[in-house]
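Peer 1: According to TrEMBL, the protein has these features:
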- Arg42: L-glutamate binding site (BINDING)
- Ala76, Ser77, Trp102, Thr150, Asp169, Gln192, Asn234, Thr235: pyridoxal 5'-phosphate binding site (BINDING)
- 5-345: domain 'Aminotransferase class V' (DOMAIN)
- Lys193: N6-(pyridoxal phosphate)lysine (MOD_RES)
Amino acid sequence: MAKVHNFSAGPSILPREVLEKAASAVLDFDNLKLSLLEISHRSKNFEAVMERARSLVKELMQLPDGYSVLFLQGGASLQFVMVAQNLLRERGKAAYIDTGTWASNAIKEAKIFGQVEVVASSKADNYRYIPKGYTIPADADYFHCTSNNTIYGTQIKEFPTSPIPMVCDMSSDIFSRRIDFSKFSLIYAGAQKNMGPAGTTLVVVKDEILGKTGRAIPAMMDYRTHISKDSMYNTPPVFAVYVSMLTMEWLVSNGGLEWIENINRQKAELMYAEIDRNPLFYGTVAPEDRSWMNACFLLKDPALEPEFDKMWKEAGISGLRGHRSVGGYRASMYNALPLESVQVLVEVMKEFERIKG
Ligand SMILES: *Cc1c(COP(=O)(O)O)cnc(C)c1O
């Protein structure tokens with residue numbers, strides 16, 4: 001079978017060894033002669049999976065005491081709602097930075113629960129950059145940002161600081177680099193971009209920020225419910241949690257965030273160097289805000305697209321098309337994508353220049 005170079009933006013590539021272990025657990029989990037998918041989530045075997053997944057998150061993030069780790073459902077999109085519902089006080093105010101489609105969806109949901117101050121936005125410039133130098137109001141209940149803007153290909157390199165609780169949607173760059181995670185009071189990430197399959201969302205929350213809104217919160221929407229039941233208030237997404245656990249084990253056993261950050265930097269440098277060098281292409285975002293995860297670029301002559309598409313597809317490359325809302329190309333280089341796949345793409349771009357130049 002010819003190798004496929006999977007640049008999909010999400011759900012996206014997972015390490016081969018993780019897929020193999022997951023496939024075998026679907027048939028026979030822990031030598032139980034039963035599938036992972038057909039045992040009780042309250043069995044001691046699955047409870048051990050949940051416990052291990054939680055502790056791997058704490059290990060990778062080097063979290064101090066006082067945080068809870070949850071594996072929920074509903075995707076990152078449900079967190080747009082839960083964050084506001086659990087943190088935005090009755091008659092309170094929240095501060096958001098608008099850096100793309102996902103950030104603006106989060107803003108829209110928060111407005112249902114209270115006042116939202118958008119402290120900065122790059123919307124007028126097609127989200128080409130990350131706004132900087134804005135002021136976070138000290139009287140807001142929390143500040144929300146998106147670490148990596150999957151669709152536009154920008155990434156926050158230096159996070160702002162503020163005494164108010166900091167909330168971050170890390171869906172598309174979770175565990176891709178070293179960060180001071182303890183700077184944040186709440187972090188969430190849909191698993192399907194960089195840590196596992198679709199179906200679960202990681203939430204890391206500082207316990208002390210909860211229970212202050214003054215509103216009644218339905219049990220399923222209340223972080224405190226899920227904390228008190230160790231993410232097993234209702235049936236958890238067992239497969240997604242298990243595969244996320246395997247991916248975190250893969251990360252830790254290879255050297256953790258320092259190891260992966262190094263590889264991700266190499267991939268991004270190689271990719272952007274070619275986008276800048278090759279006269280047929282150009283990058284769409286401000287160089288200082290370029291995402292290491294999603295590199296967005298365009299052909300200067302869009303009429304060449306069909307020919308270029310044919311070439312990369314023949315080279316075994318998959319998933320290179322930009323998001324349907326922006327077009328062009330997007331090379332998603334998540335943790336499990338090997339450097340070799342970026343090398344193949346760069347070779348195709350060089351070859352295309354040779355033919356067309
Ligand atoms: C994909 C994505 C989302 C939406 O995730 P769902 O799990 O599909 O709801 C939210 N935020 C970011 C940054 C994303 O990349």
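Residue positions begin at 1 at the first shown residue.
Each residue, glycine too, has its Cβ placed from N, Cα and C.
Because TrEMBL annotations are produced automatically, they should be read as predictions rather than curated entries.
Help me picture these features in the structure, burial and contacts included.
Peer 2: For Arg42 (L-glutamate binding site), other Cβ atoms within 10 Å of its Cβ number 9.
The C-beta environment of Thr235 (pyridoxal 5'-phosphate binding site), restricted to residues of the same chain at least 6 apart in sequence and closer than 8 Å, consists of His41. Secondary structure at Thr235 (pyridoxal 5'-phosphate binding site), taken from DSSP and collapsed to helix, strand or coil, is coil.
Averaged across the domain 'Aminotransferase class V' (5-345), pLDDT for the predicted model comes to 97.
Non-local contacts of Lys193 (N6-(pyridoxal phosphate)lysine) by the CB criterion (under 8 A, 6+ apart in sequence, same chain) comprise Ala9, Gly10, Pro11, Ser12, Thr150, Ser171, Ser172, Asp173, Ile174, Met293, Ser332, Tyr334. Secondary structure at Lys193 (N6-(pyridoxal phosphate)lysine), as computed by DSSP, is coil.
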Peer 1: For Asn234 (pyridoxal 5'-phosphate binding site) and Arg42 (L-glutamate binding site), determine the Cα separation and express it in whole Å.
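Peer 2: Spelling it out, the Cα of Asn234 (pyridoxal 5'-phosphate binding site) and the Cα of Arg42 (L-glutamate binding site) are 10 Å apart.
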Peer 1: Check Ser77 (pyridoxal 5'-phosphate binding site) against DSSP and tell me helix, strand or coil, would you?
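Peer 2: Assignment for Ser77 (pyridoxal 5'-phosphate binding site) reads helix.
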Peer 1: Which binding-site residues of Ala76, Asn234, Thr235 contact ligand 1 in the sense of C-beta under 6 Å?
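Peer 2: If the test is a Cβ under 6 Å from any atom of ligand 1, the answer is Ala76.
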